[in-house]
Structure formats: structure tokens, C-alpha cells
Amino acid sequence: MEKVNFRTQILSGHLQNHRHSTAADIISASPCVSYVPPEVSEQPFSFDVSSMRKLMDGHNLGDRDWLFNLMVQSKLFNPRLRGGKVFVVPDYNHSMEQQREITMKRIEYLLDHGVFKGWLTGKGPEAEMKKFALLEVIEIFDHSLAIKIGVHFFLWGGAIQFFGTKRHHDRWLSATENYLIKGCFSMTELGHGSNVRGIETTATYEANTGEFVINTPCETAQKYWIGGAANHATHTVVFSQLNIDGNNQGVHAFITQIRDENGNVCPNIRIADCGHKIGLNGVDNGRIWFDNVRIPRENLLNSVADVSPDGKYLSAIKDPDQRFAAFLAPLTSGRVTIAASAVYSAKISLAIAIRYALTRRAFSITTNGPELLLLDYPSHQRRLLPLLAKTYAMSFASNYLKLLYIKRSPQLIKTIHVVSSAFKATLTWHNMRTLQECREACGGQGLKTENRIGQLKGEYDVQSTFEGDNNVLMQQVSKALLAEYVAAKKRNKPFKELGLEHMNNSCPVIPSQLTSSNLRSTQFQNDIFCLRERDLLNCFAAEVSKYQAQGESKESAFVVSYQVAEDLGKAFSDRAILQIAVEAENNVTDASLKNILGLLRSMYVLVTLEEDAAFLRYGYLSTDNAAAVRKELAKLCSEIRPQALALVSSFGIPDAFLSPIAFDWVAANSWSTIEN
């Protein structure tokens with residue numbers, strides 16, 4: 001009722017002011033809304049943006065900027081003038097067929113300008129980090145383009161690199177890098193996605209001919225969602241059950257040609273289009289059937305196992321489970337790149353939404369006063385700034401994951417698998433939530449394709465399920481933690497892997513009454529995240545043990561303990577991200593950077609405490625302390641608000657790769673843009 005009276009008073013004031021005015025006076029008394037750049041209206045930056053960008057991107061800044069400039073220079077990247085600025089964004093008004101055609105033309109342009117040089121033939125960590133950096137820039141422009149390239153280099157090319165041996169490297173890697181062939185990756189089937197062990201395609205060895213016969217025995221064995229298969233790919237790596245003399249040796253990978261040099265589908269192969277999708281329509285996803293396709297014995301990718309000419313199965317790894325794990329271990333590169341691209345997608349949407357909120361006004365809260373900027377409303381701050389803090393923390397986590405991956409060794413296989421699974425799930429879920437909130441925060445403008453955020457939702461939705469369903473990946477994380485727990489207890493030795501060393505210490509004690517100082521201290525933040533993880537791991541172990549004692553199998557016990565497993569997976573990921581962010585903060589010497597990173601870190605922790613019901617469910621927070629967390633979050637929002645523009649500017653995304661509403665949205669929507 002108070003709001004109604006307040007608005008009535010304002011309207012009355014307007015009417016009284018205009019009672020003796022002419023129509024012209026009334027019009028002139030209400031000036032039009034004008035755009036004021038946030039760089040003009042906001043206070044000067046309190047920290048060096050270029051230094052913060054170095055922390056965020058982490059590596060290869062010069063290579064990134066070179067590729068940004070290369071794309072802006074070409075009409076292939078759809079430059080358009082809007083509001084006095086040029087933007088490069090894919091034209092999603094194109095048909096599916098047109099999007100696929102322009103995606104291949106863009107790949108050819110990048111190839112001609114040397115973007116892919118060394119992506120498969122380069123050696124050492126520097127080459128790998130440069131490849132990651134350039135792919136991230138491509139992601140910022142168009143997810144379809146990045147996925148099409150990623151399938152060719154990271155999946156097809158990665159399979160040749162890691163599953164193959166010298167004979168495969170010599171024949172295929174350079175040809176792949178130069179697009180003399182176009183590769184795809186045939187793992188997923190209609191009937192099996194996450195459960196790779198259950199795939200039904202067969203590869204039967206015939207010793208008398210020295211050939212494998214690849215076959216699709218039933219409709220559920222058709223290869224499905226194969227990126228590049230529908231139109232362009234000439235070769236594929238086929239994952240199949242290897243059969244020798246009636247014995248199944250499990251899943252192995254085989255090189256198979258599916259089109260000739262003229263683009264014609266090869267004999268005994270059938271290919272169909274997966275059709276239009278909610279996003280990624282620049283990628284030609286296809287379905288493949290193999291009708292007793294013969295390939296030479298040498299096409300088996302044999303780094304893990306081989307078949308001799310006379311049909312003997314050869315592998316140094318005798319245990320089938322270990323062999324399967326070794327076989328799939330290199331595929332973590334897909335999860336690494338997905339996690340990184342999710343962070344950059346979140347950065348795009350936050351940069352657009354926050355810049356818009358710094359220039360768009362709505363409602364006045366004083367009589368005849370000016371309308372407020374959206375980001376000056378505490379409610380709007382609460383919607384966007386915690387997501388910004390999370391994105392900063394997850395950016396550090398993504399950079400850590402890339403470094404972990406390029407340092408890979410047999411000893412790190414388990415760690416890389418667990419961390420990449422956890423981060424891929426956590427970061428892609430975060431991206432989708434961020435896109436939705438930013439879309440809503442931009443109101444109707446968020447619906448326009450040219451403003452990017454709404455379209456990105458459809459483009460990135462797939463990340464929650466490809467390269468491993470997020471929920472399944474989190475279950476794998478919890479199972480790995482349980483295995484480490486059981487092994488440590490059985491050996492009666494300290495924990496030493498997967499970041500569980502904190503369980504060797506005494507159980508953290510949380511203060512009964514949390515103050516602002518407590519809530520912002522690194523010690524408390526680490527303690528409560530570690531407390532949650534150790535307690536949930538103990539609960540999960542006890543619950544699985546209880547069901548096994550009742551006669552359930554180990555796998556069945558896992559299935560019925562899914563609720564604790566889900567909570568544990570999140571606890572592991574959150575704790576790992578926090579510790580990475582703290583380490584990054586500790587490595588900073590500049591006081592202004594350290595100060596803002598501390599605020600962001602505290603906001604990341606406190607919003608996690610507020611949003612995850614596990615802290616209340618399991619008693620890690622009392623209701624009074626939960627109220628204190630909520631109050632402190634509001635204070636942090638008001639403290640971070642003056643730094644919002646500097647924080648999104650630190651993402652280093654050029655203006656051309658954002659959208660019109662991030663800048664002069666009045667000019668971008670003026671009548672003159674239609675006339676011109």
C-alpha cells in the first residue's frame with residue numbers, strides 16, 4: 001500500500017506541475033533518456049585492468065589478440081555496424097545449411113592464415129598452451145566454429161596422437177593439421193552415450209585377410225551425434241568391440257575412411273543427418289552405419305593394445321579395467337577445453353549484462369528524482385555480482401586444469417580424470433545459470449539474437465551432456481573419492497591424493513557465532529569447505545558400507561546412495577576451486593589486485609554457503625549463521641559494485657565480440673540504423 005501511495009504522490013506532482021503548461025511545454029519538460037558510457041559515469045578503476053587480464057587469461061595474451069584482430073579483418077566473420085561500433089557475431093538468420101557452409105569457409109580462412117600451425121605437429125607445453133588459447137578465442141566468436149575445429153583436432157587428431165603409434169603419426173598428423181583430410185570421432189551410439197563399455201559396434205579380425213571387419217549389428221549401434229559426419233568428414237575413428245576368434249577384448253579404436261577425395265560416401269557405409277538442433281547448427285552432426293566395412297590391420301590404434309598378423313591379442317596391460325582406463329585417459333582434453341569455453345561464455349554474458357546495467361535506468365526512488373541505474377539496485381547487484389565472483393574463481397580453476405593436463409603422466413591420470421570431471425560439470429552448470437540470469441537481467445534486449453546472450457544459451461546447453469553427462473561425471477568423482485578413502489583406511493596411512501590431505505588433520509571447528517571478520521577470513525572459508533567434504537565422504541562411505549552389509553552389490557549401493565554422492569561431488573569441486581583461487585590470490589603482490597581478489601573470493605564462498613542446502617542440511621551452518629552469511633553477501637555486493645566495470649573490462653574481450661547493448665544501445669536502435 002505504501003508503494004501505491006508513493007507512486008500516486010509522484011503522479012499527482014507531475015499533474016500539478018503541468019496543470020498550466022502547454023502541450024509543447026509538457027513534452028520539453030521530460031528529456032529523452034540518453035546513453036552515457038560507463039567509462040564516463042563510473043569512478044576511475046582502483047586496480048590495473050591489464051594486470052588483472054593477465055591473471056584471468058593466464059597465458060598467450062599476444063596470440064589471443066592476434067587472432068581477435070585476424071577475425072575482425074575478414075567479412076567472413078560477419079562484421080556489422082551498430083550504434084557507431086562494429087560487431088562480429090555469426091548470423092543466426094542463416095539456414096542450417098548456410099551455417100555449415102560458412103563454418104567451413106571460416107576454417108579455411110584460419111588455415112590459410114596459419115592459425116592451426118603446430119596444433120598436432122608442435123611439441124612441448126608451449127605449443128599446447130597456444131593451441132588452448134587460440135581455441136578459446138574462436139569459442140568467443142562462435143561455439144559451432146570451435147566445436148567443428150575441436151572435433152577435428154582434439155578428438156580425431158587427439159585419438160591419432162594418443163591411441164596411435166609412429167606409423168599413425170607419420171601418416172595422419174600432418175595431413176590432419178593441414179586439412180588434407182577431415183576427421184571425426186565415432187564413439188557415441190544411439191543406444192549408448194556415457195556407458196562407452198556398452199557400445200555395440202563390432203570389429204572382427206580375420207587373420208586370413210589381415211583385416212578388421214567393422215559392422216553395425218543393430219539400429220541402436222548406429223553412431224550418433226558424430227560432429228562433421230553429415231557433410232564434410234572423410235575419415236573417422238570408430239570405437240568398436242574387438243572380437244578375435246569369438247573372444248571379446250573390449251572397446252578399441254580403428255581408423256576408417258567414410259568419404260573419398262570427392263566427398264562421396266564410401267561403399268558399405270551409410271550416413272544420415274541428425275538434423276536441426278537448438279544450437280550448434282554450424283556443426284554437421286551425423287549418424288553412421290557400417291555394413292561389414294573392411295579396413296587393414298594397421299588401422300587399429302595400437303598404443304594400448306595390438307593384434308598380430310596371425311590374430312594374437314597383445315597388450316602390456318593385462319587387467320581389462322586398467323586397460324580400458326588407460327585407453328580413455330587421453331580423452332580428458334575434451335573436458336579441459338569444454339570447461340575453459342564455459343568460463344569464457346560466462347564472461348561474455350556478464351560483460352554484456354553488467355555494462356548494460358551500468359547505463360540502463362529504471363524507476364525513481366525519490367520524488368521527481370532521476371531513474372536509478374539497474375546496477376545501483378541491491379537486488380540487481382545480488383543477481384549478477386555473485387556470478388561474477390564465481391566466474392573469477394572458476395577462471396583460475398580452468399587455467400589450473402589446463403596446466404595439470406599438459407603436465408600429464410601415468411601417475412597423474414587419476415587426478416586429471418577426477419578434477420576434469422568435476423570442473424567440467426561445475427563450470428558448465430555455472431555457465432548455463434549465468435546465461436539465464438544475464439538474459440533476464442537484460443530484459444527484452446536479452447531476447448535479441450544480436451545481443452548474444454539468449455543465443456548462447458542454445459549454443460552452450462549441449463555442454464551439460466557431451467563429453468560426459470554432468471551428473472554421471474559427478475558420480476565418478478564421488479566414486480573416486482570413496483576408492484581413495486577405502487584405500488587409505490585399508491593401508492592405515494595418510495591421505496595423499498585428490499586434495500584429500502586435509503583429512504589427515506583434526507576436524508575443523510566452526511565458530512558458533514560468525515562475524516564479518518570470520519566470514520571473510522581464508523581460514524574459516526577453507527575450514528567450512530573442508531568440513532563439508534570430509535563429513536560427506538565419511539557419510540558416503542558409511543552409507544555404501546551399510547547397503548553392502550545388507551547384501552547389495554557395490555554398484556547397487558552406489559546407485560541408492562546417489563543423494564550423498566551428489567553432495568560430495570559438489571563439495572570436492574567447490575573446495576578445489578577455492579584452494580586454487582586462494583593460491584592465485586597469494587601469488588599476487590600488487591595490493592590493489594589482492595584486495596579486489598579477496599572480496600571476490602569471499603563472495604564466491606559466501607554465495608556457495610547460501611545456495612547449497614547441504615550446509616544447513618548436515619548442520620555445518622546454524623540458521624543464525626546462515627542469516628549472517630546472507631547479510632554479509634549484501635555488504636560484499638555494495639563493496640564490489642564500484643569495481644564492476646573494471647572487473648568485466650579485465651576479461652580482455654574486445655568490444656567487437658560483445659554486443660550493441662553493452663555500448664550505445666540507444667544509437668544501435670535508432671531509426672537511422674533502419675534507414676541505413
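Every residue gets a Cβ built from N, Cα and C, even glycine.
Straight from TrEMBL, the features:
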{"type": "DOMAIN", "residues": "184-293", "note": "domain 'Acyl-CoA oxidase/dehydrogenase middle'"}
{"type": "BINDING", "residues": "T188, G227", "note": "FAD binding site"}
{"type": "DOMAIN", "residues": "331-482", "note": "domain 'Acyl-CoA oxidase C-alpha1'"}
{"type": "ACT_SITE", "residues": "E467", "note": "active site, proton acceptor"}
{"type": "DOMAIN", "residues": "532-658", "note": "domain 'Acyl-CoA oxidase C-terminal'"}
Give me the non-local Cβ neighbours of E467 (active site, proton acceptor): same chain, 6+ apart in sequence, Cβ-Cβ under 8 Å, ordered along the sequence.
L331, G334, R335, I338, K424
Please list the DSSP helix, strand and coil residue counts for the domain 'Acyl-CoA oxidase C-terminal' (532-658).
105 helix, 0 strand, 22 coil
Work out, from DSSP, the number of helix, strand and coil residues along the domain 'Acyl-CoA oxidase/dehydrogenase middle' (184-293).
6 helix, 54 strand, 50 coil
Of all the binding-site residues here, T188, G227, which one's CB has the most other CB atoms within 10 A?
G227
